[in-house]
């Protein structure tokens, strides 16, 4: 069976209604994307914590519907637009979707990733390229963090250079658990991973078991009291600013912290918030993203 993708762009306030109508009228699947992705106008979907969502949600959406090649896309879209209450049918383009071995195609897109000196992030269907590598076996899944994003890479490089045997580590916003697992493989003692998403917590636990890494995971309310030798948080700039006092309090005096999920243009603003507690600066930049790192002062 052959398929086509129907692609339409429209204001965000109409995207959800149109996507629902397309599904009701026979589309096989529908996704909504930020039409401004990878441009200066790109925005978080629901807005970062601390900002007004109405001002930061996607302003321009792209609706992509997978349809059977026998369906008339113009008729389908017109009916969906009418069902959604749109004043007119959006303009659209069609993309042919070739038959594929989707499992093989997906696997081909995820090759082993070399990070730092000895780190390799390796999907389960590959072998580590180096016999002496520090290997993290990780498949793409529900939670953020496979090593491909610049912020994850930066944090991993920092951890490889920073973690000392037996140190305690907190990974706040752990996603897939990749940073927590790496910390453990670098010789850390007690390692804790925290995330607001229960699915991420479950994914991280699964990944830790696969990598034989003894890491404790939980939601924010499960975060243990006390301080850590190392804290790493790869989130976004606004949550990092909102949580500055809390995250800084989790670092032992003299301990180290690394922050990422921060664009280079946001670095000074984030650093200024943490400067009250931490001697902090840009540690490294990669593809427009930075990792801020510093040491908690003995008293503040």
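Just so you know, glycine gets a Cβ as well, placed from its N, Cα and C.
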Query = Per Swiss-Prot, what member of 152, 162, 216 joins 173, 195, 234 in binding S-adenosyl-L-methionine at one site?
reply = 152
Ask   = Taking the Cβ of residue 152 (S-adenosyl-L-methionine binding site) as centre, how many other Cβ atoms lie within 10 Å?
value = 25
Query = Can you tell me the three-state DSSP label for residue 152 (S-adenosyl-L-methionine binding site)?
reply = helix
